[in-house]
């Protein structure tokens, strides 16, 4: 079940960015599993990609090509084209070349993206056979259809949209994402596509994407696994009648940054809310760290602990598991006598032990909620970090045990 995730909000079209969806029948006949996105001429494109050493063939190709002129993005679901070696790279190149031929653009201007089962050959002919239909379907209004088209084990499509005014001109930022498992970015089995009609210099756009991803997609985790295929792309078409953003400063940049960050955060958190088998949406907030890295180390130790995640599923306030995770996070010279731990506003541990004011009934009441905050005060400094995660349920095991059947 998706925790607090409802129908898609209104996804405003972005002038200069079109999406087309078609069926290749990669995993199921009739399933719309190929999405083509067209960027207007002159668009700037930036991306962040998985750090998994076994990154998929489309990731290798997209990382090479994103530095040049990008006109099309080609996504398929049902097959990750990962762990496929040189033949997989050739297959990705072939699908891009076919799309380029049909669209009349250089092959190097097409970026491929794949998600699905790892280690199986990409069904090139099926994908090639769907490309013309996807091109024929191109429209600025197809965001919702594309959000559904990129889904794998997701139960709901994910998207967000913002608009703001600058000098009387409306600027739009719209994005979609997919992902429900194998989520522990830097990046994870997650794909994200965000577009704006602002005109943004490539260097500014790249930094904006990196910063936005770092504060959103790189702060979510479901199962601790980092996928071979993660990518998040930010496209600026330049169709809004405004000056180009050439510096990371000024009113237009700040408004754009706010909109991009909000869209990134909303679609990233939607991935957690739709986590495979998730029944809880959990915020892990770590304050008082000596540096940001030790805050992240503590946060991920808590967020990845199977014992904590199963306690969350059972609504069991087993606070000792949280203390154990904090203690093994590897923070040097950690003084446990300074640490306080909270479930929402309930102090469950103080100065390294059970809080004198804590009762089991208080903890149980918080743990019974669908949305929970675990707050850890380290008492070592001024740094803070926040991570979003889920519980671990029977359904998660079932989904992943049956994924290939």
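From the backbone N, Cα and C atoms, a Cβ is placed for every residue, glycine too.
Look at Swiss-Prot and you will find 152, 178, 189, 276, 400, 405 tagged as substrate binding site. When secondary structure is read from DSSP and collapsed to three states, residue 178 (substrate binding site) falls in the strand class.
Taken from Swiss-Prot, the feature active site, nucleophile applies to 189.
Here the Cβ of residue 276 (substrate binding site) has 24 other Cβ atoms within 10 Å, regardless of which shown protein chain they belong to. For residue 152 (substrate binding site), other Cβ atoms within 10 Å of its Cβ number 20. DSSP assigns residue 152 (substrate binding site) to coil in the three-state reduction, placing it in neither a helix nor a strand.
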